[in-house]
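Colleague: Okay, here's the structure, questions in a sec.
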Amino acid sequence: MEHSTILFIAALGVAFIFLRWLISPIPQTNDFNINIDESSSSSTATTSGRNTNTSRTTQRRRRRDVTDSMIEVVQTIAPSLTVEQIRYDLENTGSVEVTINRFMELGSLPFPPGYTPPPTNPTASSSGSSSKSGIPTKKSVNLLEKYNIDLDSTDNGEGKTLLQKRREEMIIGARKRLESQLRNEI
């Protein structure tokens, strides 16, 4: 072969190796994955249940610590959950997003082992339990009574400001729209 052919093949080989190196993904070393592999190999080497439990607890300890802000975020979206339920699920998952998704799918979260949920008393739910649980209950507000609006009033609003007239018109209009919607649904 000629000298130029050998040089061309060598240049192609070097270019191939360089491009292969350039395109290859960067291997990411993750201590968490390495420790899982080590703990799973040690737990499979022995058949005792105690070693398996210790590997599970080391996996749980390696997750992110649960902070009060994480609990507040979940409690904002799911106010019916207790702090213990949220903390237990966050300790298991390590992620606010996963905990919220589990709540959305299941409607609730499991209680921690050994925890007894507080008894709910349905007879005292009107005033006692709502103030104890911290969830405010709103009494329905009648806007006609709140703003002293009379539906049968025939005066044209003499002596009232433009703002009061508009407020009354909006409340009466909203009430009529709601009545018509309710009639259409039935």
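Each residue, glycine too, has its Cβ placed from N, Cα and C.
What TrEMBL records for this protein is below:
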| type | residues | note |
| --- | --- | --- |
| COMPBIAS | 39-57 | compositional bias 'Low complexity' |
| COMPBIAS | 111-121 | compositional bias 'Pro residues' |
| COMPBIAS | 122-137 | compositional bias 'Low complexity' |
| DOMAIN | 66-108 | domain 'CUE' |
| REGION | 38-67 | region 'Disordered' |
| REGION | 111-137 | region 'Disordered' |
| TRANSMEM | 6-23 | transmembrane segment |
Colleague: What parts of the chain pack near the transmembrane segment (6-23), using Cβ distances under 8 Å and only residues at least 6 beyond its ends?
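Modeller: Contacts of the transmembrane segment (6-23) (Cβ under 8 Å, skipping residues fewer than 6 from its ends): none.
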Colleague: DSSP helix, strand and coil counts for the compositional bias 'Pro residues' (111-121)?
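Modeller: Split by secondary structure, the compositional bias 'Pro residues' (111-121) comes out as 0 helix, 0 strand, 11 coil.
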Colleague: How many of the residues that make up the domain 'CUE' (66-108) does DSSP mark as helix, as strand and as coil?
Modeller: 32 helix, 0 strand, 11 coil
